[in-house]
Amino acid sequence: MWNLLHETDSAVATARRPRWLCAGALVLAGGFFLLGFLFGWFIKSSNEATNITPKHNMKAFLDELKAENIKKFLYNFTQIPHLAGTEQNFQLAKQIQSQWKEFGLDSVELAHYDVLLSYPNKTHPNYISIINEDGNEIFNTSLFEPPPPGYENVSDIVPPFSAFSPQGMPEGDLVYVNYARTEDFFKLERDMKINCSGKIVIARYGKVFRGNKVKNAQLAGAKGVILYSDPADYFAPGVKSYPDGWNLPGGGVQRGNILNLNGAGDPLTPGYPANEYAYRRGIAEAVGLPSIPVHPIGYYDAQKLLEKMGGSAPPDSSWRGSLKVPYNVGPGFTGNFSTQKVKMHIHSTNEVTRIYNVIGTLRGAVEPDRYVILGGHRDSWVFGGIDPQSGAAVVHEIVRSFGTLKKEGWRPRRTILFASWDAEEFGLLGSTEWAEENSRLLQERGVAYINADSSIEGNYTLRVDCTPLMYSLVHNLTKELKSPDEGFEGKSLYESWTKKSPSPEFSGMPRISKLGSGNDFEVFFQRLGIASGRARYTKNWETNKFSGYPLYHSVYETYELVEKFYDPMFKYHLTVAQVRGGMVFELANSIVLPFDCRDYAVVLRKYADKIYSISMKHPQEMKTYSVSFDSLFSAVKNFTEIASKFSERLQDFDKSNPIVLRMMNDQLMFLERAFIDPLGLPDRPFYRHVIYAPSSHNKYAGESFPGIYDALFDIESKVDPSKAWGEVKRQIYVAAFTVQAAAETLSEVA
């Protein structure tokens, strides 16, 4: 109960006042003394920081990274499956925790959450069948992939399935929908007048995220989706199938989740951590779950379905794959097969299951309340030779190198957090739940997040996706690293990267792509506004048109795949470790944060020009509805001028003054945060970055000014054009306001 001050107490209180005033004066004097002491200590610490982070420490860190260690770690991580929510993956978490402690981190903890996961039914397998007019099954798809050599006796290999597919046994005519993209369904419905309602559709993997394919099929009225990997997309010419090469065998199948979470995290606890006391929605109210059964198959089985297709011919060559079938669209089978139907048998279950992140801490010596995070996931669909363990092995070696320096008496200026995420494959759940639980700390203290999923998807050149704030950091770092590429001996990584993957916009510079989603940086960048980036080695996208790498998410993604075909010397893994680790080192140790806001100004102008050109495909409507981009271009101009002035001040200020140093660094750190709209994008409240978001039509791809882009998309087909163009105007306003507000955060503090 509160103790109230009564009238009879007032005299006593008055009598005590002089003594309290004296005490207050003493406290105030002591406070000034303490402030002076801390100011002096901070100056001393700041000066000492220049001594604990000389350039030779960066060299020592990079020199400590060893390819043979990464190779050893990868082998260790890939001998058994590590499916999220399983005992095997929990044991791997404990192993990593123990080893990170041995490496020398200050603390390593397990952070657990209880999230919704999905598994096949062990006694009722999933499959697709063709049935005759009597309902008898005359063809069934395979129940599992033939195991790769050497793995025949490995247990607990999850059979191919589409995670979070609802149960169901729909049957009906089949319709071939190409990649099941938005434009593919437009072609079917608007041009070919083919109705997918009540049909089962078959789509090939590639081009867009599988969850977008399923969403598009649902919107078209389909009652089931079959996914398959066409050789045109997953079989490179001139290369043999595994185990004799790195191509996908006919019985190989890509697993994956089919959610449409849009950044929500655990479907039952959107926006909040899935801890012990969490409120959980019922399954009917869960976020992002598909409503129709979905199942993946290999191209041998797909051929059995597609070879019987009747109906319309494919509209053009872009609808034809590499199977020896006509690629007819349907609906239904042809000729003597016209009475046959396709039936799905899906019995998977969704279960709330405990997952475990591993969080390691290396405390900063000067700014321990500023966090630089390196994170990558640990869970895999099967062995995870590339995804994710090629990344997990690199993180392990980076931690070991940092730990070695720490044992020699070194510490970073800022705190470094290392994360081994769980359940990434089930919708980025481990990283999202941890970020939700720590969102208040991260919003105040998060400097940067570097993602460390697969280290390779090819062996041709470097690939980087990051915020514009990191462009200069990446350029400067790669100029100091040696290229591992043949023909570039003695050259820098920057030189080989620029030669092999030149920027389409900026002459003499390498290509850097926008951040989309499909990986654990999503919550940090798209929701919290923490500057983020990722790097890996990739293929030649100009000549190798197939999707990603052929054995993605199949049982054949083994250690041997990497060691025999992709990186026998592990030199590309080492280079990726140097890039990822070097970025973390610079972000954690630079006196002034290595962010350049001028690069943001450049891309903002480019993005504004691009979205304006898209809008000008509708000049009459722009005029009719008085749509103007003047406010956005004005805001970009102001941002450019203020960013330039800020950069000038950044060169001239007294770096020995810890208060001014902290203030300037905070302006850099919080700039990314300034692009966050707390209300989020329309119908996607957890995507809050106004400049970048995953495409609404392909989660993997990034879109600039996404609010405006989505408002303009297919606007000519909107029922109410006045309302549609009103939304365009609103999104221009939101973008202009946000850019202007972000610019003001860089203004000189009064």
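We count from 1, first residue shown onward.
Cβ coordinates are placed from backbone N, Cα and C, and glycine is handled just like the others.
Binding of Zn(2+) 2 is annotated in Swiss-Prot for E425, H553; the matching candidate from D387, D465, D520 at the same site is D387. The Zn(2+) 1 site recorded in Swiss-Prot includes D387, D453, and the single candidate from H377, H475 that the record places there is H377. Same-site candidate for substrate binding, as annotated by Swiss-Prot with R210, N257, S517, G518, N519, R534, A535, R536, Y552, H553, K699, Y700, chosen from E351, E424, E433: E424. Within 8 Å of the centroid of the Cβ atoms of T269, Y272, E433, E436, where the record puts Ca(2+), the same chain has further Cβ atoms from Y113, G265, D266, P270, G271, P273, A274, N275, A278, T432, E437. Spacing of N76 (N-linked glycosylation site) relative to E433 (Ca(2+) binding site) is 27 Å (Cα to Cα, whole number). Secondary structure at H377 (Zn(2+) 1 binding site), as computed by DSSP, is strand. Every protein chain considered, the tally of other Cβ atoms within 10 Å of the Cβ of D453 (Zn(2+) 1 binding site) stands at 24. Taking Cβ-Cβ distances under 8 Å and a sequence gap of 6 or more within the same chain, the neighbours of N121 (N-linked glycosylation site) are H347, S348, T349. Nearest Cα neighbour of N195 (N-linked glycosylation site) among the listed recorded positions (T269, H377, E433, H553, N638): H553.
Shown in sequence order, G376, S380, G384, P388, G391, A392, E424, E425, S454, N519, D520 are the same-chain residues outside H377, D387, D453 whose Cβ sits within 8 Å of the Cβ centre of the Zn(2+) 1 site. In terms of Cα distance, the recorded positions that sit within 10 Å of D387 (Zn(2+) 1 binding site) are H553, chosen from N140, N153, N336, E433, E436, H553.
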